[in-house]
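**Student:** Questions regarding the structure given below will be posed in turn.
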Ligand code: ADP
């Protein structure tokens with residue numbers, strides 16, 4: 001069995017993929033990374049990046065399968081095609097695994113059917129994930145394909161955290177539950193923490209903060225998720241780039257009754273026109289920090305709500321965990337925005353949390369690292385996430401088990 005895994009993340013109009021050695025160091029760039037964009041639009045784009053070259057193809061792409069076929073042909077031209085590499089497996093990111101999928105699975109026809117049954121829970125994401133799986137399985141049918149779910153890590157959450165206080169009959173009929181998302185990232189990052197602390201994983205209480213365009217917080221005790229900020233959908237919880245995070249549901253009734261908004265308007269409003277963008281017009285954190293420097297009041301307010309919400313979750317998780325060993329920041333904002341890390345944890349010395357300014361702002365720092373002071377009894381870390389590597393590792397292990405049995 002070869003050592004390489006193809007990892008695929010298929011969206012509604014784009015496909016991201018990487019060819020990865022699952023045993024490589026997380027900081028090691030993938031062997032190849034590709035992007036198929038603007039599927040179904042007049043101008044498509046396929047971009048492939050390897051260690052020493054970048055290739056582009058900007059012809060229109062009529063479908064996911066056309067995009068994948070062309071991307072694989074470009075890779076073959078580089079000697080990195082799926083057949084050249086004799087891949088071990090293909091790992092697929094799947095957003096929603098419902099209650100059924102509590103861990104990664106080898107994809108069979110039955111699994112695809114089960115994924116189709118979950119579409120009502122994730123109408124924006126799962127259909128595109130399923131298309132990517134189908135088309136990739138058509139092209140690479142000889143390989144084991146493995147689905148890795150954003151929700152699985154939260155399947156053992158305590159009932160009190162996983163349930164909403166609404167009518168039980170409706171809950172059962174519509175499978176309503178706090179499923180949580182970004183699970184692959186929270187798990188990947190949280191697994192590094194016991195090693196950094198020099199503790200047994202079962203003794204570690206921790207909070208992981210995945211702060212990217214989407215953002216979520218998770219409380220973890222002994223490796224098991226205890227609570228998480230996203231819910232039935234990835235709209236809940238923290239303030240995000242364009243998503244509102246938690247709001248009073250009564251706001252929606254008010255907008256329907258007084259503003260005449262329809263379901264699709266509300267969906268668009270809360271998923272794409274809210275969050276940081278809704279408050280200050282920008283969703284890229286670098287732009288927001290620049291606007292604040294220039295004295296922009298809306299950007300200051302957006303940042304203020306973002307930090308306030310983050311602290312609200314950190315505080316409640318600390319209390320519910322009944323103690324805390326570590327807080328870890330990850331993803332684009334978490335890994336790069338020292339100001340966010342400082343402000344999220346400012347003034348918490350009485351709770352044993354103290355950021356070391358020099359460690360937090362060290363421009364040369366990279367990889368997993370501590371940013372708290374030596375006195376801080378709760379350790380604060382930055383751990384770069386690598387969801388694709390985690391998916392490659394799961395897919396490789398499942399393919400290997402299948403080969404051995
Ligand atoms: P996604 O959820 O799309 O995977 P990422 O994890 O890549 O998102 O995070 C994207 C976010 O990270 C953007 O808001 C971007 O502005 C922010 N970001 C990236 N680099 C920096 C930086 N140096 N300083 C502040 N924010 C940054």
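Glycine too: its Cβ is placed from the backbone N, Cα and C atoms.
Automatic, uncurated: that is what TrEMBL annotation is.
Reproduced below are the annotations present in TrEMBL:
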- 9, 387: Mg(2+) binding site (BINDING)
- 16, 210, 211, 212, 213, 214, 284, 285, 286, 332, 333, 334, 335, 336: ATP binding site (BINDING)
- 93: substrate binding site (BINDING)
- 150: active site, proton donor/acceptor (ACT_SITE)
- 182: site 'Transition state stabilizer' (SITE)
- 243: site 'Transition state stabilizer' (SITE)
**Student:** Which one of the recorded positions (16, 93, 182, 243, 286) has its C-beta surrounded by the most other C-beta atoms within 10 angstroms?
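**Tutor:** Of 16, 93, 182, 243, 286, the one with the most crowded Cβ is 182.
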**Student:** List, in sequence order, the same-chain residues at least six positions removed whose CB sits under 8 Å from that of residue 333 (ATP binding site)?
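**Tutor:** Residue 333 (ATP binding site) has long-range Cβ partners 211, 212, 215, 285, 340.
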**Student:** Cβ under 6 Å from an atom of ligand 1: which of these recorded positions qualify? The list is 182, 213, 333.
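**Tutor:** Near the molecule: 213, 333.
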**Student:** Quick check on the recorded positions 150, 284, 335, 387: which one has the highest count of other Cβ atoms within 10 Å of its Cβ?
**Tutor:** 150
**Student:** Please name which of the recorded positions listed here, 9, 150, 182, 243, 387, is nearest in space to residue 284 (ATP binding site), Cα against Cα.
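**Tutor:** Nearest by Cα distance to residue 284 (ATP binding site): 243.
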**Student:** Work out the three-state DSSP category of residue 286 (ATP binding site).
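**Tutor:** The residue in question, residue 286 (ATP binding site), is helix (DSSP, three-state).
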**Student:** Return only the integer: C-alpha distance in Å from residue 243 (site 'Transition state stabilizer') to residue 213 (ATP binding site).
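**Tutor:** The Cα atom of residue 243 (site 'Transition state stabilizer') is 9 Å away from the Cα atom of residue 213 (ATP binding site).
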**Student:** With an 8 Å cut-off on Cβ-Cβ distance and a minimum sequence separation of at least 6, pull the same-chain contacts of residue 9 (Mg(2+) binding site), or say none.
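**Tutor:** Those within reach of residue 9 (Mg(2+) binding site), by Cβ under 8 Å and sequence separation of 6 or more, are 15, 16, 17, 92, 93, 132, 388.
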**Student:** Near residue 387 (Mg(2+) binding site), which of the binding-site residues 213, 286, 335 can be found within 10 Å, Cα to Cα?
**Tutor:** none
